[in-house]
Ligand SMILES: Nc1ncnc2c1ncn2[C@@H]1O[C@H](COP(=O)(O)OP(=O)(O)OP(=O)(O)O)[C@@H](O)[C@H]1O
């Protein structure tokens, strides 16, 4: 291996203690990015920097109400390794003896990012960038070996609050506007000592600083709903994290799906944020050379192993020192790095340019040997130096996050009270779901069924008792199925949002849960009330106000119980297909065991009716509709007691309070079950 003059250049590759001391700006001039990069004197292209500065409309650094809260974080990670259990394993990197049942996703990854620096993680698809970023954000489930420290301390809930994490997919409510999205986030994330107005002002400030003013009142949108552009949506996601003025900002592929100009503007924004005193780490797939020159440091991964970690501006020098030179001088370093990380490097010496330009090696063995060579070169030369760099600067560790002067409220895991969280989540839920709940389609669906059934049962009376009882049974089944099939979607659909927001410690699970349940109530109760009102009077049921009101109350009770079952199924399975299948089986069983279709059920299976809420609902409806002494015309002028009618006799009328109690137990029990299932879900 060629011996490089590593002694002289390595300090700038890894970032020497003196050269990397960041210049921490707590205030930045609006619309400028400081051209002088901290920690590096020669990894930036000044012309480009100044161009970017002019394009950059947003360099948020000063958040008026949070001026005190930016505590710079030096993030150090050393020898990170992460494996997952698999049936077959094939990976290598630094370890030679691996269990056949595990797969190494990361191995021997080290690096440092200091306040003021922008570090990019590069590598081909599947090389482990997201996994590394997730680990740095303290969000990786499973055991990771090595060390990750934040100002010398391990991950903690205090650190968690200082980290902003922007996921690759924008998890946002599509029907909220940009302003609403950021305002609700501000209400949930900003400390309770700020007033409502200050929180709104903070959201407004972020909107201005991220250049979102033009679309502040546009709805965010999503895959199926037209909304703001992809770049604007990404900036909203970043804005949500900036609200808390994070000291460490982690972003997963923030430029994916953006055109090069928008990507450049976004990266300029990130660079501005770094220059404001933050440590910024981003994964990026295929940066243009203009983007590449904005990075202070890069970590390049190949199959989870580093082939480079250090100053972005020194990478070509390092690669040349081990015999890798691009075919032409102006080649984008990022392209060159990605080729190498994929094992594509025919030009392994400067005389090989022609070969490099003409094509890529197709043989897997060639690619593997290039990767192995790069990994082992890194291991021999750069890795020890980076470790030195990590240890040399341990005085960073003295600046503990939330040090002695931190207030008591800082130590509290939650920034807002339970009640505030409940209120904000309740309002946000109503706002987001107003379209869904009061959608014309849903109202049309319910109204058309109610009018149709009113017409079908038009002025039925006890002379057609079978029909009338059928209407009551239909009430219990329709208002069992309908809320159930709506409620099973709730938690599986909300899961990504819950994961994202709970990872940022925005709110307690209980406040979310109660807000969600309470938020669903108005709609869940309004539609059945209208339905029953229409069908009851059209269908000729007992013209008594008390009976009518009791009928409505029983149906609403039934709705709440069936909604609870739907919530529980959704929370337990967290999978729409499975939950839908199971709910249809359950409802079919309840339908059959309800007592309307079949009365001679064998004793060994007749207990099914006792677990069916539709059975209790149907029974209660019959009980309030007909008095004990009521008779009906059972043919040829003969009058029979209603309670002797086969479909009613089977129900065994009486025990009204027990029926109410059974529904009450289900009402509470299903909801407790749903909550416990959510609590036990490790990802939430
Ligand atoms: N829980 C898991 N189960 C199975 N494989 C996993 C798991 N987590 C990560 N991997 C695998 O680890 C590798 C690294 O994944 P990761 O998402 O970190 O890559 P990446 O570099 O971010 O890829 P991309 O650029 O395509 O997003 C991939 O091959 C992925 O399939």
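Note: Cβ is positioned from N, Cα and C throughout, glycine not excepted.
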Legend entry - TrEMBL annotation of transmembrane segment - which of the ranges 405-426, 471-492, 603-624 it falls on: 471-492
Inset, instruction - Give the range, chosen from 441-459, 631-649, that TrEMBL lists as transmembrane segment. - result: 441-459
Legend entry - Per TrEMBL record, range annotated transmembrane segment [choices 379-398, 579-598]: 579-598
Inset, instruction - Count the CB pairs under 8 A between the transmembrane segment (656-678) and each of 441-459, 471-492, 513-539, 545-572, 579-598, then give me the winner. - result: 545-572
Legend entry - Spatial neighbours of the transmembrane segment (441-459) far in sequence, C-beta under 8 Å, 6+ residues away: 467-468, 470-471, 474, 478, 482, 527, 530-532, 534-535, 537-540
Legend entry - the transmembrane segment (471-492) touching the transmembrane segment (579-598) per 3+ Cβ pairs under 8 Å rule: yes
